[in-house]
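Annotated Zn(2+) binding site per Swiss-Prot: Cys16, Cys19, Cys35, Cys38, in sequence order, evidence recorded as sequence analysis. Per Swiss-Prot, repeat '1' is recorded for 129-212. Under the heading repeat '2', Swiss-Prot lists 223-304. Under the heading zinc finger, Swiss-Prot lists 12-43.
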Amino acid sequence: MVENTKKKKVEEIERCPECGSTNLIRDYEHGELVCGECGAVIEDAYIDQGPEWRAFDSEQNESRARAGSPMTYTIHDKGLSTDISWKNKDSYGRSIPTRNRAQLYRLRKWQKRIKVSNAAERNLSQALQELERMASNLSIPDDVKETAAVIYRKAVKQNMIRGRSIEGVVAGALYAACRITNVPRTLGEIASVTRVKKKEIGRTYRIMSRYLKLNIMPSKAEDYISRFCSKLKLSMDTRNKALEILRSAENAGLTSGKGPTGVAAAAIYIASLMTGERRTQRAVAEVAGVTEVTIRNRYKELTEKLQLNVEQ
């Protein structure tokens, strides 16, 4: 109910809460609702709520309504099972007699046990609950959760779970899904909602991508600009300047072999100095999940190679 209310509120947003502009950009690729004037990321879990079906004639158009929830990989039984209602009412809405409620209670209990009747199903159920928790804390869109669930299921089939914690494998699958769907989340952000160290998540992710042959393109520094700038409360001018610096750096071959978050952080830091919206290296480093040393190194490379006139 809370989730439905949240989605409704997102759909009803007409003005930017920061500057009041009505120029809102709905970026479905990255799951973000961005202000076109000041660059604020108003919502970072924005997804298209419209139907995914297509109709080619009037008959198909009439038959598009669903009789239930669609199949999903984020539930261990793919959402295909049914539950006995806890409302203690029959199909006509009449209350169940008191003498029959104990029997109904036992039926519910056994149905719940049967749904996860063996160790493999219990493992999968626990893992997908953990995935839901992580994704909720990071405001991950539903399509990314679906991708992560599919990756985890493949890892189970390949017997990659043995010797590893469920939480670590789920975290690796979620990070891989974010990379595949171009929804930028850093390893540090994933690690912040788990009890698994960032290094272990990275190792699990690399093993998964190799053995499952995941088609993952290298992440780009520009994918992180909008979210980092929004967290730092920087204007659209600073965001555009950071993107301009990044494009110049890419053309000059300065981003090759460098961590995208570090390059993005340095570009934002330089842009904030150039536009007069000064942010400290520490503030930028905390948002980007990198060290101040990384920002200083990237800052020096970019300003020298691109001959940028920046006053610190």
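Every residue number used here counts from 1 along the chain in the order it is shown.
Backbone N, Cα and C define each Cβ position, glycine as well.
What you see is a predicted model, and the numbers here were worked out from it, not measured in a lab.
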Within the repeat '2' (223-304), residues counted as helix, strand or coil by DSSP: 61 helix, 0 strand, 21 coil
For the repeat '2' (223-304), mean pLDDT (0 to 100): 93
Check: same-chain CB within 8 A of Zn(2+) site center, minus Cys16, Cys19, Cys35, Cys38: Pro17, Glu18, Gly20, Ser21, Asn23, Gly36, Glu37, Gly39, Ala40, Ile42, Met236
For the repeat '1' (129-212), the number of residues DSSP places in helix, strand and coil: 59 helix, 0 strand, 25 coil
For Cys38 (Zn(2+) binding site): intrachain residues, at least 6 apart, with Cβ closer than 8 Å: Cys16, Glu18, Cys19, Ser21, Ser235, Met236
Residues near Cys35 (Zn(2+) binding site) in space but at least six apart in sequence (CB under 8 A): Cys16, Glu18, Cys19, Ser21, Asn23, Leu24, Ile25, Ile42, Met236
